[in-house]
Amino acid sequence: MLLGFFVYHSLTLGPADPAGPVPIDSMFIYRPDKRQEVWRFLFYMVLHAGWFHLGFNLIIQLLVGLPLEMVHGSTRIGCVYLAGVLAGSLGTSVFDPEVYLVGASGGVYALLAAHLANVMLNYRNMQYGILRLLAIFLFASCDVGFAIYSRYSVEPASGAPSVSYVAHLTGALAGLTIGLLVLKNFEQKLHEQLLWWVALGVYAACTIFAIVFNLLNTVTVQRLEEESEEVFKQHLFTNFGF
């Protein structure tokens, strides 16, 4: 599906390159001035900023998601992935409210964090669990570090895309909490039942807060609507995350 959307936008917007074309006028891109169009909070995941962005996400999904899917099933992993995508846009709307989002990095980081949840639930039944966690932590640390650097080092006038590290972090939080809720626990202990309720409470509280925030906070939307079309286009080109 992701590849199909990318091919369609490449054909309609022009030849693809590593960082474009970006479908800024798509009805699926997440935009803070269009937050009332609630489908954007989820469907921004089908858009990508160039073939490098798409290829990177697809490779990580295969490497990280398939092992989990083979053990826990497609339905459970699908829930984790979509929860991460939704958390990425909700978290960005709260903590980095002027960012425009494309890409599925929230879902990718949810899958990464789900490996941590899997180890927490089934450590006694796993081989090399610590090594898996170390590898995931090393990769995630490097990528989030680059995302933070890119977010604040890119000059607005350069036209280069920035990276939404908030979507990465909130996607990971969703992957950990939803992973603890839905992944199979092959040897459940009493303290793990308590962990289940804690995870449910954290995810529910964060999600409800973000939804209420978006319902009440219209300041950013009103300010963006007052800007000229040219300034608005500049926002789209220079302040989107992936």
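Using the three backbone atoms N, Cα and C, a Cβ is placed for every residue, glycine included.
Residues or ranges marked as domain 'Peptidase S54 rhomboid' in TrEMBL: 36-184.
The feature transmembrane segment is assigned by TrEMBL to 42-66 (among others).
The annotation transmembrane segment is assigned in TrEMBL to 78-95 (among others). Counting same-chain residues at least six beyond the ends of the transmembrane segment (78-95), those with a Cβ under 8 angstroms from any Cβ of the stretch are 30, 32, 35, 40-42, 44-45, 65, 68, 101, 104-111, 113-114, 164, 166-175, 178-179, 182-183, 203, 206-207, 209-211, 213-214, 241.
The transmembrane segment annotation in TrEMBL covers 101-121 (among others). Remote same-chain partners of the transmembrane segment (101-121), defined as residues 6 or more beyond its termini with a Cβ less than 8 Å from a stretch Cβ, comprise 2, 22-23, 29-30, 44-49, 53, 57, 60-61, 64-65, 68, 71-72, 77, 80-89, 92, 129, 132-133, 136, 139-140, 164, 167-180, 183-186, 192, 195, 240-242.
Under the heading active site, nucleophile, TrEMBL lists SER105.
Among the features that TrEMBL reports, transmembrane segment is placed at 133-152 (among others).
Taken from TrEMBL, the feature transmembrane segment applies to 164-183 (among others).
The annotation active site is assigned in TrEMBL to HIS168. All chains included, 27 other C-beta atoms sit within 10 angstroms of the C-beta of HIS168 (active site).
Positions annotated as transmembrane segment by TrEMBL: 195-216 (among others).
Residue environment of SER105 (active site, nucleophile) contains 29 other Cβ atoms, counted within 10 Å of its Cβ in all protein chains.
Listed by sequence, the residues of this chain that lie at least six past the ends of the transmembrane segment (164-183) yet keep a Cβ under 8 A from its Cβ atoms are 68, 72, 76, 79-80, 83-92, 95-96, 99, 101, 105-114, 116-118, 120-121, 140, 143-144, 147-148, 151, 195-196, 199-200, 202-203, 206, 240-242. SER105 (active site, nucleophile) and HIS168 (active site) have their C-alpha atoms 6 Å apart, to the nearest angstrom.
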